Amino acid sequence: MSLNEGSAESKRELPNKSLLLAACAACIGGTFQYGYNVSVINAPTVYVQTFINQTWRERYQTEISENILTLLWSTIVSVFTLGGLIGATVGGTLSIKLGRKGTLLTNNIFALAAALLLGLSYPTGFFELLIIGRLLTGINAGIGICVQPLYLGEIAPTAFRGVMGMGTSVFITGGILTGQVIGLKELLGGEEYWPILLSTTCIPAILQLLVLPWFPESPRYLLIDKGDEEGCKIALKQLHGTDGCNGEHEDIEKERNNLASFQARKPWELFTDRSVRWQLLTIIMLNIAQQMNGINAIYFYADYVFKQSGIPEDKIPYVTVGTGACECITALTCGMLIESLGRKVLITGGYTLMSICCILFTLTLTFQDASPVVPYMSMACISGFILSFGLGPGGVTNILTTELFTQTARPAAYMISGSVNWLSFFFIGLVFPFIVIRLQHYCFLVFLAVCSSVAIYIILVVPETKNKTFLEIQSEFQSSNNRKACSVEGAGATLLSSST
């Protein structure tokens, strides 16, 4: 091999710089907002409750009852999930009408409006603005987490689809970590700064509005949905470079020809289509499991374990930041491994390790007082569980939603998966405290059943999608469906002949 050939080969091993920048521009106003708004609300809890109490007293000349205060605070926190569900249900439709990039840019209106309302709540004395603001941040997050992975999956070449798709997980964990850091008392976590802290959701929105317009719309959307041949070629050249765009253009052309007689699907149409039955069941199961696998329980128990380990209460927020950094690093590691190990190995391995951690964590919590060493073993289980989640389920779930469907079905699939994810998020938030009260630390046996069941399902049903085109993945599922149908018909025929 000549020197020039070697250098050309090494260039092909790395994504185009423009492609990486486009991904970052999409993510900063997309899933970063989701992670940031999930974590940033924790720091000002006491200050917001004090503000509600003072406002109530000034308005009605009476002290607010504990029950009403708790109800108002829980509404401010949980209305985010309602907004997310609304965003997920409209995100797919908007991505068809406005395009993937157009929807992401338009979505920033919700973030900017939310930042304004959240910032004005304290000076105006209206705590109701916090509820409306959190609802709008939820809508922004719901649309972002639906449309941004769609955009990343469609702009990426086949060889880098996994790495690009990991941008979703990396920026979610980056958003969570940033929210934890900004919420420290040394920065904006002080009592006088909480309105500014909550209104900082405008910063990612402004950054995206400044940067994303410089990058093109999804080439697949341009060619398959809009029939814009020239626009598709220009987009591919900018994103993949002159050398890498021809193969991708041929791939998109094949998909367009295959889908020539099909229009964009509605979510309810996927439920009646037997050809995508297993793909649909897979993404529904994975999105339910992503919320109900115990990751929320781990964070719930983290403070208790940290206290038992002898960490001073005022230092626990810094340790929590450490767990956020741990998850962020794991997401980056998953991004580096996904194209070499594949999706199936990572997500199956992640759920298997989480199952093992559930068993160990149950044991260490049961014998927490048996030895001074046990609380530190519990801390190790927390770290192991978070690492396992970030290594597989946290990153690969969204990538599979992109890869298991073709262009006409993908937006509808994201609407379904997003709705299931947000409903599961709301359900676990509602039911989890009761599970803990009834089962205490044995609640992790429930999460053990979830993690192990999903791992077995993936091994048996989901094919490896690494380095395969969307049409090849669809064909593999259809072949699997045909084999299952034939086996069922064969069994029926055998039963019929034996009975006659």
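Backbone N, Cα and C atoms are what each Cβ position is placed from, and that goes for glycine too.
Here TrEMBL flags 19-36, 71-92, 104-123, 129-151, 163-182, 194-215, 280-301, 316-338, 345-367, 373-400, 412-436, 442-462 as transmembrane segment. Per TrEMBL, the feature domain 'Major facilitator superfamily (MFS) profile' maps to 23-466.
The stretch in 104-123, 129-151, 280-301, 316-338, 373-400 that contributes the largest number of Cβ pairs under 8 Å to the transmembrane segment (163-182) is 316-338.
Only pairs six or more apart in sequence are counted, and the transmembrane segment (194-215) with the transmembrane segment (104-123) gives three or more Cβ pairs under 8 Å, enough to call it a contact. Outside the transmembrane segment (71-92), and at least 6 residues removed from its termini, the chain residues within Cβ reach (under 8 Å) are 34, 37-38, 41, 45, 48-49, 52, 103, 110, 127, 130-131, 134-147, 267, 411-412, 414-415, 418-419, 421-423, 425-426, 429. Stretch with the most C-beta contacts under 8 angstroms to the transmembrane segment (104-123), considering only 19-36, 129-151, 412-436: 129-151.
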